[in-house]
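Enquirer: What follows is a single structure, and I will ask about it in a moment.
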Amino acid sequence: MASMQSFAYLLTLLTFLLKVNAVTICNATQSCPEDLPCCSQGGQCGTGQYCLGSCNPSFSFNIDSCMPLPICKDSSTKFDNYSSKILNEYTFLGNVSAADWLYSGNIIDYADENSLILAMPKNSGGTVLTSTRAVWYGKITARMKASHLGGVITAFILFSGIQDEIDFEFVGADIEKVQTNYYWQGTLNYNHSTNITVDDVFDDYHTYELDWHEDYITWSVDGTIGRTLYKNETYNSTTDTYRFPQTPSQVHLSIWPGGNATNAPGTIAWAGGEINWDAPDISDPGYYYAIVNEVNITCYDPPIFAKKNGTKAYKYTNSDNFLEKSIMITDDEVMLGSDEATGNNITEGVTTSSSSSSSSASSSSSSSSSAKKTSSASTTGKTSSGSSGSSTSTSSSSSSSSSSTNSKNDAPVLSNINIVTVFSFIFGLLI
């Protein structure tokens, strides 16, 4: 009898734990609920960091749930001994004065080349480097080395919350070319990709440039234009819309396992086949990698018709279409008070102690009140023997990496190991 009572109790406990681990999904047919109002880039509802950056206003609870994006500012970043200046994406609350860049995954200073390594250790989801400010038209250049080998993707992209996207993507199986692509509001179109031939994207540094104007985009390598897209080429007569990237976007550089065995077959095929997690790079230096030496951002003036009520942030004002005419430049706050806060209530969860530390929370990798995905930053040489590594993009969209974890968001995370432990305990009582 006692065993049956214990069994009933443990089943109740397991049911609770499984509910705790539930994830609230957001997409075109299901918006986020009021208590978890922000739709992340990965399509999960939450608060805090879910409301920043690539928060999708179209799938969130309402148009005010996502925080306004910090306005573009000209910058030049040389990634020489720079990792300590990059903040953890999962503890950042929007204080752009604290850092120009965020990371998830593993970043390593590479003193030999005065650069930054984006590392992808065995069986990891890769690494993403993200600008804290958005660009609403501008010129962005990155001097970098991509990764190599089948299944490894490196990416240098612009990505907005509404999922406008402009890409350079490097498939590690072919180090003699780079793919260019663009997307409008996340609409998949497999005919937009074209290649630019490049001499060895892995061993040699090249300068890749995205020059984004209101009416055209150019993709250039080492100063030579390899592709031009004109806005008038993207007109869709059915919707009377130009399907051209046109909303404020963050800069992302990443390495990710496109050939991971758990990915869709089409993604694996595009990535050059399944990734080899026992490749020589995994032994020495211990990870696949891409290397970023320098990134320059030049901001262009906003469209002449842009509504202005300040100089601090970009904010959507119309939820009907999320086009460039829906954007206003305002002085709205861009920083959250806690990881329970949202654009609907930026002071939610703020206490006397958290209020005094909120501005510094974004610069501490352990100050968040709830568990985030752990990341690491360290300083080392690329490798003791000078051997090479591999490349990048995302699991949630097709171009940037890293899976997010939770704050209030998905509630505490229950790992598979804990679930197995509960089951083992239940069956142990019954035997």
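Even glycines carry a Cβ here, placed using N, Cα and C.
What TrEMBL lists as active site, nucleophile is E165. Residues or ranges marked as active site, proton donor by TrEMBL: E169. Positions annotated as compositional bias 'Polar residues' by TrEMBL: 341-350. What TrEMBL lists as region 'Disordered' is 339-410. Annotation source TrEMBL lists signal peptide at 1-22.
Looking at the shown structure, can you explain where the listed features end up?
Expert: E165 (active site, nucleophile) has a Cβ environment of 23 other Cβ atoms inside 10 Å.
In the three-state DSSP assignment, the secondary structure recorded for E169 (active site, proton donor) is strand.
Within its own chain, the compositional bias 'Polar residues' (341-350) has Cβ neighbours under 8 Å at 34, 37-38, 47-48, 51, 55, 61-62, 64-68, 93, 333, 335, 358, 369, 408, counting only residues six or more beyond its boundaries.
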Enquirer: Counting by DSSP secondary structure, give me helix, strand and coil numbers for the compositional bias 'Polar residues' (341-350).
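Expert: Helix/strand/coil tally for the compositional bias 'Polar residues' (341-350): 0 helix, 0 strand, 10 coil.
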